[in-house]
Amino acid sequence: MTAIIERRESANLWGRFCDWITSTENRLYIGWFGVLMIPTLLTATSVFIIAFIAAPPVDIDGIREPVSGSLLYGNNIISGAIIPTSAAIGLHFYPIWEAASVDEWLYNGGPYELIVLHFLLGVACYMGREWELSFRLGMRPWIAVAYSAPVAAATAVFLIYPIGQGSFSDGMPLGISGTFNFMIVFQAEHNILMHPFHMLGVAGVFGGSLFSAMHGSLVTSSLIRETTENQSANAGYKFGQEEETYNIVAAHGYFGRLIFQYASFNNSRSLHFFLAAWPVAGIWFTALGISTMALNLNGFNFNQSVVDSQGRVINTWADIINRANLGMEVMHERNAHNFPLDLAAVESISIGG
């Protein structure tokens, strides 16, 4: 009898826990995805803060020349970063217990792998949590679909690209200057500015910013007049009021006269779908571009493609970009390679008689 009562209380406790986890009445919705999201993001954030402040230098290139990234080792907020895991580790799973000591784990950049893997799992769970809350409220799933774009971008630079290149040392450093360094090296090695998917991503991000600014300014400019012509149109309104204050028909008419009729939307749902879909599609393409360049399917190469009747090269802008790429590649990993790979791969020219 006692065992039956204990089992019933245990089942009742589990049921109450499930109800609390999935309740939409909580101030912050947790959900089953949140059960995994909370510990993974807390772990990633905690280790990031500690490592950014105090992590020792990391042998990123695997050549016994450690690179300092933390504040206590001479960096500031701009130059500081979590240095990627050493090339000596490659793509191996490298938790603390795989190293001979904590000092060795830190020297080989173990915190980077720990942070990145927990972070990616956490943001994926955040996306799942968005879908879960939408489902429980009877909403459609497009919020999670929109969030999949930055999740795909983060996964591309932190996981797909290192896998394609064969080492976590090729992942993006976790810091401001580290991000810019990653971008410069990426351009040098993959000519990303000449990749059509990157161009679509730029159009998505900048176009999305433009459309958001246009939409916001139109909405805040087209008031439903509640006053006479002798009074200010702003009279009678207060900031943050619940009642609708703008007229989409008026905004549509204004924009149609400013550009042309069919450049504007007269349907609010179509307009907001477009505002969401444009940047999301662009960022999806960028993530896809990073993933293809991970396998060295690089941007267009028009180097030395224009020649005169004598076969002499007429330099174009593509050749200028190529020269800049070689210069950036020379600066990158200057102690690990004598020459950029582009030069080292070319057979030496015999100058003997």
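For all residues, glycine too, the Cβ spot is worked out from N, Cα and C.
Other Cβ atoms within 10 Å of the Cβ of His118 (chlorophyll a ChlzD1 binding site) number 20 in total over all chains. Annotated chlorophyll a ChlzD1 binding site per Swiss-Prot: His118, in sequence order.
Feature annotation from Swiss-Prot assigns pheophytin a binding site to Tyr126; the stated evidence is sequence analysis. For the recorded site, Tyr126 (pheophytin a binding site), the DSSP three-state label reads helix. In sequence order, Phe33, Met37, Leu41, Tyr147 are the residues near Tyr126 (pheophytin a binding site), counting only same-chain partners six or more apart with C-beta under 8 A.
Taken from Swiss-Prot, the feature [CaMn4O5] cluster binding site applies to Asp170, Glu189, His332, Glu333, Asp342, Ala344, supported by sequence analysis. For the recorded site, Asp170 ([CaMn4O5] cluster binding site), the DSSP three-state label reads helix.
Among the features that Swiss-Prot reports, phosphothreonine is placed at Thr2, with the record citing sequence analysis.
If you look up Swiss-Prot, you'll see Thr2 marked as N-acetylthreonine.
Under the heading site 'Tyrosine radical intermediate', Swiss-Prot lists Tyr161, citing sequence analysis as support. Long-range Cβ contacts of Tyr161 (site 'Tyrosine radical intermediate') within its own chain (separation 6+, distance under 8 Å): Asp170, Gly171, Met172, Ile290, Ser291, Met293, Ala294. Tyr161 (site 'Tyrosine radical intermediate') carries a helical DSSP state (H, G or I).
For His190 (site 'Stabilizes free radical intermediate'), other Cβ atoms within 10 Å of its Cβ number 22. His190 (site 'Stabilizes free radical intermediate') falls within a helical segment according to DSSP. According to Swiss-Prot, the feature site 'Stabilizes free radical intermediate' maps to His190, an assignment based on sequence analysis.
Neighbour density at the Cβ, taken as the number of other Cβ atoms within 10 Å, is lowest among the binding-site residues Asp170, Glu189, Glu333 for Glu333. In the three-state DSSP reading, His118 (chlorophyll a ChlzD1 binding site) counts as helix.
Sequence-distant neighbours of His332 ([CaMn4O5] cluster binding site): residues of the same chain at least 6 apart with a C-beta under 8 Å from its C-beta are Ile184, Val185, Ala188.
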